[in-house]
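Written out below as structure tokens is the structure these notes cover.
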Amino acid sequence: MVYETRPPGGNVLTEERLAYIAEVERKVRAVSGFEDFCHLGVPLASLNDTSCRRWVPSSTRDQHPPACPGMQCVPAMSLMSFEGMIRRWFIELVDAGSGAANSTAGAEAVERELEAVGFDPAQASAMAEALAASGWDTAESYAEMPLTELLALVPSGALTRDFFHIGHEPGWFFDKWYATGESDGSSSGEGVRAVALRSGFEFALPLAGYATNHDRQWEQDRKYRKWAEEFTRMLADGGEIDRGAEKVGLRVLHAGGGISEDEAAALVLGDLLWCTAAFALVTACLFAYSRKLWWTVNAIVGISLSFPVAFFFFRAASASPYVSFLNMLVPFVLIGIGCDDAMLMFDAFRAAIRDDCGDDDGILLPSEDVFAARYAPAARAMLATSLTTAVAFGSNFFSFIPPVRALGMFAALTVCTNYLLVLTLLPAALVIGAKGFKNSFMDAMDECLGLFTRRGYTPRQANESAPPTPAQKATYSQLDTRDTEPSGGEVELQTVRGKTDDDDEADWTEVGVHDDGFFAPSTAEAKDGGDTSIVRVKKEMACSCADLNASIRANTAIATTWLGDFVIHRKWAIIAAGVLCAVVSSAVIADSLVVARTPPPLLREDQNLQRIQHLLFDVFYTENWSNVRVAFGVAGVDRSGADPNDPTQFGDPVWDGPFARFNDDEYTQLAVLAACDAVTAAKETLQLTPSSGSTECVLQAFVRDSGGVDSVDWGPGLPSALARWSRDLGRNWRENLGWAGEEGSSELKFITADYFVDLHPVSSTTEEIRRVHDAWEAVVAAARTAMASRLPHGSPVPLVIQACDVWNRMGVEESIGYTARISPAVSAAACSLIMLVATRSWRVTVAAVGTIAIAVLGMLAALVSLGWEFGVVEELCVTLLVGSSIDYCIHLAMAYIEEAPSGAGRDERVKAALAHMAPTLTGAAMSTAASSAMLLACVVEVLVKIGATIVANTAVGFALSLFLFSALMAAFGD
């Protein structure tokens with residue numbers, strides 16, 4: 001738990017705030033069930049007992065009698081918990097000074113005491129003088145003195161040694177400026193001052209009723225996390241503790257194993273809820289575009305189905321139950337893309353109605369041939385755009401980072417699935433809506449009956465003696481029959497007949513609509529011959545819908561005509577502006593592009609987890625370590641059976657055969673000791689963190705405690721001697737010995753040594769990490785040489801390897817560079833090929849590639865100007881830019897090729913393409929921007945960045961396609 005002032009930068013060390021911190025810790029300990037999960041230890045009074053000092057194995061929880069009597073929940077590692085110890089320490093110092101002959105001798109005695117626990121001479125002298133100034137005869141007053149006044153007596157920078165023997169130096173509680181005496185640049189007029197304070201509660205397995213930590217570990221972990229939800233709830237923003245902290249100007253932050261993971265998962269799932277808002281916005285866009293609820297609902301249902309269907313195949317292909325949080329990006333992005341495809345299908349259906357009926361105000365059903373003629377080019381355009389988007393996402397498969405690779409795979413599958421559903425389900429829904437549910441059901445039954453009776457089925461055919469009329473295209477079920485009173489004019493309709501294989505005829509008379517609106521049937525009167533009917537009708541919806549549709553079409557035609565004239569008349573100015581934009585963007589990128597040397601923040605900076613990470617890594621100096629682990633006996637790790645998406649799976653160790661001789665061979669044992677000595681000898685080059693831990697390995701510590709090399713019984717008895725030592729004096733080294741079975745009576749499989757290097761886990765640059773890594777690699781090579789020198793000639797040399805979590809940062813940087821070179825190139829090449837195949841024109845393809853190149857350069861320049869460094873997120877954004885920018889160009893290009901009449905010139909083709917596609921592209925851009933804009937409300941910073949990029953790129957790609965690409969077509973097109 002970390003406590004900082006609200007707002008940050010104030011002083012935590014006031015009596016009021018310290019009192020509230022003590023109250024918070026009491027409330028945490030008072031939570032029901034705390035004793036069931038806490039780490040059991042011995043009382044503070046027993047810390048000097050050699051057999052129980054500092055570390056007590058939690059496996060003793062269920063032993064009767066326990067290994068250490070009087071075990072209880074260990075106190076919080078807190079300034080408040082050790083306040084009594086601090087006061088006793090002051091009293092002991094004062095007693096030492098007051099027992100001297102005079103004040104000077106007393107100060108010298110105190111100086112010696114302080115130097116003995118690690119104070120440097122200047123610090124010891126300063127504190128001794130401060131104590132002497134307060135008088136040696138007031139020792140008992142230190143028991144009542146405010147804690148802040150006690151801390152003021154400690155010299156600046158003196159709290160970096162564990163002189164209380166509590167497992168942490170006192171500076172662990174405070175920020176690094178207070179602990180080390182360095183200045184944080186703020187005012188120091190307040191006296192004793194710290195910007196942050198922290199404490200720690202220890203919880204441990206096994207729980208009562210379980211034999212070991214690993215006994216049904218998943219069950220123990222589940223119980224702990226369920227209990228932890230109860231006490232973390234009162235720590236949440238707006239909770240009981242937060243409300244009290246706000247009154248005293250504090251903010252209480254928390255983190256911990258299991259707790260932080262669950263909180264992060266809750267935040268990610270909370271962000272996913274914004275997807276419902278994205279669906280709502282896209283639904284509104286579709287309804288506004290189609291003005292038909294049936295079309296909108298079916299389009300949304302089809303888009304929604306694409307996610308579970310794609311996820312099924314994704315799970316089947318990856319064989320992994322784990323899903324990266326990056327995959328939650330897919331619904332936000334793909335719902336907009338699915339909406340684009342649905343709009344194209346709407347346009348194709350409407351165009352077929354106009355081709356067949358002359359008007360699309362009513363819900364009319366075009367003939368199959370006419371709809372097929374419009375369906376084919378729409379399907380080709382959707383195929384081209386779906387392929388470019390799928391390739392853009394799929395190119396992330398080249399990344400070395402599993403979450404990025406999984407995102408690319410899942411998104412590509414979703415795009416392809418959505419394409420298939422739009423081609424199949426949506427057209428069927430449009431036909432059913434136009435034909436009517438009743439007639440669609442009857443036709444389906446007729447076809448099924450024809451199939452089962454083997455009599456065949458002939459669709460309904462109109463009487464060919466009369467030309468088709470618009471009224472012939474609608475069915476009775478589509479008409480509103482609420483008002484059957486006759487009025488209005490008359491409409492002549494054709495009698496429609498169905499025919500079976502045995503030539504039996506059934507009379508299916510249908511009524512429809514007139515050209516100027518919807519009507520309801522009133523009375524029908526058959527003319528002579530019975531082939532036609534005269535139907536007297538009443539005009540029911542006088543047609544505000546028709547007027548609205550006509551108005552929208554007229555205004556759209558005016559806008560697209562103006563756009564076409566503008567582009568054609570100013571094409572050279574538009575092209576020049578595009579070239580200038582490319583030149584300026586290239587210069588900005590070349591001058592300001594910086595590769596990210598630190599990982600991006602996961603969450604918004606005001607979130608609990610992100611804020612506490614900042615404080616632990618940037619404010620508390622003891623968190624600036626990174627652990628380098630040196631291992632003997634391990635040849636490597638087999639990750640063939642590990643799930644790359646599961647962060648808890650590290651693979652299976654591959655054991656080193658020559659190390660097995662360590663269990664009985666004296667030469668191998670001495671060789672390992674020589675390797676440890678080689679590491680220790682090079683400690684000056686390894687950037688080890690001062691006072692952060694031992695600089696020796698377990699074997700060196702054993703030899704030291706045994707009295708030297710000559711005092712050790714080398715050979716077959718060494719493993720059992722190590723086991724006995726690790727249960728007593730070497731308890732702190734116990735985890736560095738890896739046994740095949742029971743400790744001491746089984747084979748020793750590996751030995752590890754932990755060293756702490758001065759590398760910040762977050763803010764250290766890759767250059768710093770690489771420099772330290774290379775130094776460790778050189779030391780490991782020297783250790784191997786030292787081992788070889790101690791072994792008989794020809795004997796196999798055991799392996800020694802080193803590993804550190806921060807080394808992964810170098811792999812991430814390599815992945816960024818590799819993917820940045822490969823993925824955009826693959827995406828651009830694939831998009832160019834798809835464009836060429838779709839349009840069969842190299843001129844159009846070159847114009848499209850030039851347009852998206854300018855779009856990508858412009859977006860990159862904008863990101864660089866905003867101060868973004870090129871990292872994992874930016875690399876992912878660039879890959880998506882290529883695929884998403886070309887979609888609008890593909891639609892315009894195909895309209896340019898197909899919509900203009902034969903023999904038309906460039907200008908006429910551009911005008912026809914804009915008239916046909918500009919409205920659709922506008923609706924598609926709005927839906928994509930609306931769905932992606934919901935990412936801006938997320939707390940996961942990665943999603944916010946990607947959302948901002950997609951929204952901006954949608955606007956840029958849309959504008960450049962309408963203006964620059966059209967201008968290029970007008971100037972250089974076929």
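Cβ atoms here come from the backbone N, Cα and C positions, even for glycine.
All TrEMBL annotations are machine predictions without curation.
The compositional bias 'Polar residues' feature in TrEMBL is assigned to 460-479. If you look up TrEMBL, you'll see 297-432 marked as domain 'SSD'. The annotation region 'Disordered' is assigned in TrEMBL to 459-507. Per TrEMBL, transmembrane segment is recorded for 264-289, 296-316, 322-344, 381-401, 407-432, 572-595, 818-837, 844-866, 918-944, 950-972.
Averaged across the domain 'SSD' (297-432), the predicted model reaches a pLDDT of 84. Residues 294-295, 298-299, 301-303, 305-307, 309-311, 313-314, 317-318, 324, 326-327, 329-330, 333-334, 337-338, 341-342, 345-346, 349, 365, 371, 375, 379, 382-383, 386, 389-391, 393-397, 399, 440, 876 of the same chain, all 6+ positions outside the transmembrane segment (407-432), place their C-beta atoms under 8 angstroms from a C-beta of that stretch. Broken down by DSSP into helix, strand and coil, the domain 'SSD' (297-432) contains 117 helix, 0 strand, 19 coil. Below 8 angstroms of C-beta separation, residues 813, 816-817, 850-851, 853-854, 857-858, 860-861, 864-865, 869-871, 960, 963-964, 967-968, 971 of the same chain, each at least six residues beyond the ends of the transmembrane segment (572-595), sit close to that stretch. Stretch with the most C-beta contacts under 8 angstroms to the transmembrane segment (381-401), considering only 264-289, 296-316, 818-837, 844-866, 950-972: 818-837. Only residues 6 or more beyond the boundaries of the transmembrane segment (296-316), in the same chain, are considered here, and those with a CB under 8 A from a CB of the stretch are 279, 282-283, 286-287, 290, 330-331, 334-335, 338-339, 342, 345-346, 409-410, 413-414, 416-418, 421-422, 425-426, 429-430, 433. Sequence-distant neighbours of the transmembrane segment (818-837) (same chain, 6+ residues past either end, Cβ-Cβ under 8 Å): 384, 387-388, 391-392, 395-396, 398-400, 404, 844-845, 848-849, 852, 856, 870, 875, 878-879, 882-883, 886, 889-890, 893.
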